[in-house]
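Participant: Take this structure first; my questions come after.
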Amino acid sequence: MIRAFDAVSLPLLRWLDPEDAHRLAIQGLKLWPPVKPRPDDSKLAVRAFGLNFSNPVGIAAGFDKNAEAPDALLRLGFGFVEVGTVTPKPQAGNPRPRLFRLERDEAVINRMGFNNEGAEVVLRRLAARAQYGGIVGVNVGANKDSDDRVADYVKLIETFAPLASYFTVNVSSPNTPGLRNLQQAAALDDLLARVIDARERVRAAAGDTPVLLKIAPDLSLGELDDVVHIARSRRVDGMIVANTTLSRSPTLRERTKMNEQGGLSGRPLFRLSTRMVAETFVRAEGAFPLIGVGGIDSGGAALTKIRAGATLVQLYSALVYKGLGLVESIKADLASTLLRTDRDSLAEIVGADAPMITAEEWPV
């Protein structure tokens, strides 16, 4: 069924404006039949952040910003779904056009600007689907016009703790002016201290909801040293590596679109984000698991991310070019690799290549 859907939908959606195509895809998923997915190979099961994942392949934040279709995505075979980014108040985001396909590069540039319907609407949707279970994380951010951005994160932690499987503290989007400044050492330490304190305040009523930190791939290694040190000292439960990049490789072929302002994702981000996964893994020293994201478009790419240090992986941009059937393809490739190498679980290879990757020349 998924293959047939991709065969029909991908060519049609490619003719539409990228944002209109995305909106149509969300509407289509809301109509997806309630068919249970095929059971995952038991070897793909992963335990991380105190949660049990049936497989390691998740969909990254940005696809289902407003929690409109998390259950359809789970039925398509994702091991987990991350909704958002959600802000306390609704906001329209940046003016259109703000989403661009770089088709020859299998990449996307976006400058969306945290457009979302706000915490109240997303909370209502998550409450309505809570009975169905599944791992649904909530990616949280600050409103562009907020007078106290840290207070925005705290409010969202307190609001969503009863319903979120985990939180992602997003301080790495390049499309909200000044947001990435929260990755600087003093600001990040204050933010994480207040976020973890908020989580502890609601623990009795909401449980121990894991808190993850999502970082940019454009950090220097010195900045990464500080970020990982603070994340460890504040006892975050994990990190997501990495968000979109502001850099533009000279190898990009879409020479006009490559100059659009915004964050670049997709295949050109793969080498940089994988290097950052490995660098983070080495610095974390097993203190917490990582989710690797950036340019994953095949089972081989997912395996490379895992061997670099990712316990779980996420994808989004590749769906634009490969379709929803990519999820099952990646899982099949991972299961086949475990069978071929006589391994019982992916945990046996997490970070196996990190020392080698961190010794390589920096990717351009």
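Our numbering is plain: 1 for the first residue shown, then up by one each step along the chain.
Any Cβ shown, glycine's included, is placed from N, Cα and C.
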Participant: Among Gly28, Gly113, Gly118, Gly295, find me the residue Swiss-Prot lists at the same FMN site as Ala61, Gly62, Phe63, Asp64, Lys65, Thr85, Asn139, Asn170, Lys214, Ala242, Gly266, Tyr316, Ser317.
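Facilitator: Of Gly28, Gly113, Gly118, Gly295, Gly295 joins Ala61, Gly62, Phe63, Asp64, Lys65, Thr85, Asn139, Asn170, Lys214, Ala242, Gly266, Tyr316, Ser317 in the FMN site that Swiss-Prot records.
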Participant: Same-chain residues six or more away whose CB lies under 8 A from the CB of Arg111 (substrate binding site)?
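Facilitator: Counting only residues 6 or more apart in sequence, the Cβ neighbours of Arg111 (substrate binding site) under 8 Å are Asn94, Arg98, Leu99, Pro174, Asn175, Glu260, Gln261, Gly262, Gly263.
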Participant: Determine, using Cα-Cα distances only, which of these recorded positions is closest to Asn139 (FMN binding site): Gly113, Asn170, Ser173, Asn243.
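Facilitator: Out of the listed candidates, the nearest Cα belongs to Asn170.
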Participant: Within 10 Å of Ser173 (active site, nucleophile), Cα to Cα, which of the binding-site residues Phe63, Lys65, Gly113, Lys214, Asn243, Gly266 are there?
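Facilitator: For Ser173 (active site, nucleophile), the binding-site residues whose Cα atoms are within 10 Å come to Gly113, Lys214, Asn243.
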Participant: Among residues Ala61, Gly62, Phe63, Asp64, Lys65, Thr85, Asn139, Asn170, Lys214, Ala242, Gly266, Gly295, Tyr316, Ser317 annotated as binding FMN, what is the maximum Cα-Cα distance? Answer in Å.
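Facilitator: Output for FMN binders Ala61, Gly62, Phe63, Asp64, Lys65, Thr85, Asn139, Asn170, Lys214, Ala242, Gly266, Gly295, Tyr316, Ser317: max Cα distance 20 Å.
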Participant: For the recorded substrate site, enumerate neighbouring residues of the same chain (Cβ within 8 Å of the Cβ centroid of Lys65, Asn110, Arg111, Met112, Gly113, Phe114, Asn170, Asn175, Asn243, Thr244, site residues themselves excluded), in sequence order.
Facilitator: Gly62, Thr85, Gly93, Ser173, Pro174, Thr176, Gly262, Gly263
Participant: Between Tyr316 (FMN binding site) and Asn243 (substrate binding site), what C-alpha distance do you get in Å?
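Facilitator: The separation of the Cα atoms works out to 11 Å.
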